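To start, the structure under review is shown below, and the notes come after it.
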Amino acid sequence: MAGREKVTVRDIVRAKQRGERIVMVTAYDYITAKLVDEAGVDMILVGDSLGMVVLGLPSTHQVTLEDMERHTAAVARAQPRALIVADMPFMSYEASTRDAVLNAGRLIAAGADAVKIEGGASYSDTIRALVRAGIPVVAHVGLTPQRYKLLGGYRLAGKTASEAMEVIREAIGAEEAGAFAVVIEFTAWEVAREITRKLSIPTICIGSGPYCDGQVLVIHDLLGLTPTPPPFAKKYVDLAAIIRRAVSEYASDVRNGRFPGEGMYWGMKRGEYEKLQRLINEQAGSGD
């Protein structure tokens, strides 16, 4: 999307109408948000994936609403042009629509422009309640990581016709409930293409093929920071190797006395060191 004005929900919806591909990437902190925004992404997802790639947790289940608030606020401080979408973490919207609205409101207050929930038609009441409260919603169908235990692990969605129809129904229901976009995760590409054709709102794929209106990747996968990235992620740079090399060089410089070098440290004003020495000697002589 051209220009430097703030990207809005309307801009995202219009991008599909214009045939413009939507670029989405995750960010969880101020510096990363600034960098990806300067690179020209359209949407920044503050994903609950931060649990694994930032906090070292075993899954998204341990991510709290407070975690999401803190990282959303950090991203928002970068004042990105991109639209900020914050994930609603596990059990922050499932119990009741009231909980969903109150918790989503906290993420909006933290700086999100929209929230994402895992689900579509099955959470139509929740989506409607959020939209009614003035909170833009991105739905999420196909593989839904928050329900990986129920699904029996991280499995490709839509492998059979009956499974595919269920994913399609979820996506259609999300649009009918008022979602302005749908993320389709790790789903058979034919199913993602059918959903994209059927919906008037944008579809954003992750591991679901090239026929969606946009794509999203976890920034750590994109930059080569993840030890075991998913098979659908493309590593655009081996930043892990670059970081290891840089820190190794720094450690070597410290141990060999090469860091800090000239121009990286400063002294006292002329004559002040001599005064300091006299003061130190006087103090030593007084026995204090």
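Cβ coordinates come from backbone N, Cα and C, glycine included.
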Per Swiss-Prot, which one of Asp11, Asp87, Asp99, Asp213 shares the Mg(2+) site with Asp48, Glu118?
Asp87
Rounded to a whole number, how many Å is the Cα of Asp87 (3-methyl-2-oxobutanoate binding site) away from the Cα of Glu185 (active site, proton acceptor)?
14
Can you give me the same-chain residues 6 or more apart in sequence from Lys116 (3-methyl-2-oxobutanoate binding site) with a CB-CB distance under 8 Å?
Leu45, Val85, Ala86, Asp87, Met88, Val137, Val138, Ala139, His140, Val183
When you tally the Cβ atoms that lie within 10 Å of each candidate's Cβ, which of the recorded positions (Asp48, Glu185) has the highest tally?
Asp48
